[in-house]
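Below is one structure, written out as structure tokens; comments come after it.
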């Protein structure tokens, strides 16, 4: 079960990013430092009380300007709202209501997503109430005064947010497996879709950029339904025309987020390019299960060692995806194409898998016995109290510790490797949230979101 999404909306310079940092704290997903893998963070995990969710900062929203990149931001905001359970509209309490705020409010009132109005930069409780009252006329309900920098007032706002977030048991498991077929232009995605479905639904052409929209096809095998989503090829930004193709790429990114499993298609003749690495980082950031589909295998001269040599070369570049299945296929001849769905079944099952708290703590106990947590220069040692799985799709495990800052990146990677070694989660990324002991102690700061 994936975490519900909360979209953070607002014009530029009202403190949206500061607010997102307040909610997410140190919980940003750990990524590798290989050049080209990471990109600017948009989706970040957050939690309040007993509820986990994701927040997405959509960028500064402006409606009366069509200069470069502003249309993208508006499109990103639309896409975020389409998948969000709720939206938080952030305004500047010190500046007061502006014409841009009113335009955004009018747009939000036309959406079906519930909206919570956050009046930021209210540093004084008494003055904040006065500042917030000026925003009643926007027609979005009660304005909540708060300070993203200091955290005051965020508790009341987040309590209101929880009313719109579904409890985990309210979201039923879906029988259908959603599979996004993604990759650079002209690596054979549409040919692969046609081979899997047996139909010429997508336009197959050697001209890069032929597929502009996300195309859904439903196939059934052995009683299991698969929704296959072909997408526009992901290319470097400098090569993108900010027209139909740009929005096609945005839809491709959205397809990744709505998928259970991503078929990451690579051209064996090209190997792993820099753009492939960036796309791989995007897939991991969105927490999708992955099958690495190496296409055009029919074009390679082979002997008994060729497949092992290519696997080694590819994984040297995609080492951060060493948990994903890699399958060599030919969409043109059909070689091993049907075996792809076997890999999808395994990845989807692992992506949805839930492990008991007892098993998680057995793994932690053994890991700590082999390698104790690090000690700071001041002689203070990290301590892991316990761990528990908080969500699936992807599997996310919260580790409650005395101080997250006492656990360096090396030790965090060690713990993740132990979970991989003992629990598998083959084909799926996993996320570890390191939470301080004080996170659940709300008595001292009931109206303040706590960074950890």
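Cβ coordinates come from backbone N, Cα and C, glycine included.
Bear in mind that the values here come from a model prediction, so they are computed numbers and not experimental data.
As annotated by Swiss-Prot, GTP 1 binding site applies to 10-17, 57-61, 120-123, with the evidence given as sequence analysis. According to its DSSP assignment, residue 61 (GTP 1 binding site) is coil. The Cβ of residue 61 (GTP 1 binding site) has 22 other Cβ atoms within 10 Å, all protein chains considered.
The GTP 2 binding site annotation in Swiss-Prot covers 183-190, 230-234, 295-298. Classification of residue 186 (GTP 2 binding site) by DSSP places it in coil, neither helical nor stranded.
Residues annotated as domain 'EngA-type G 1' in Swiss-Prot: 4-169.
Here Swiss-Prot flags 177-352 as domain 'EngA-type G 2'.
Per Swiss-Prot, domain 'KH-like' is recorded for 353-439, and the stated evidence type is sequence analysis.
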Worksheet item: In this structure, which of the binding-site residues 16, 189 has the fewest other Cβ atoms within 10 Å of its Cβ?
Response: 16
Worksheet item: How many whole Å apart are the CA atoms of residue 183 (GTP 2 binding site) and residue 58 (GTP 1 binding site)?
Response: 24
Practice prompt. List the helix, strand and coil residue totals of the domain 'KH-like' (353-439) as derived from DSSP.
Written response: 35 helix, 22 strand, 30 coil
Worksheet item: Averaged over the whole of the domain 'EngA-type G 2' (177-352), what is the pLDDT?
Response: 81
Fill in: Rounded Cα separation (Å) that holds between residue 122 (GTP 1 binding site) and residue 189 (GTP 2 binding site)
51
Item to complete: Could you round the CA separation between residue 13 (GTP 1 binding site) and residue 186 (GTP 2 binding site) to a whole angstrom and send it over?
Response: 40
Practice prompt. Which residue among the binding-site residues 13, 58, 186 has the fewest other Cβ atoms within 10 Å of its Cβ, if you could check?
Written response: 13
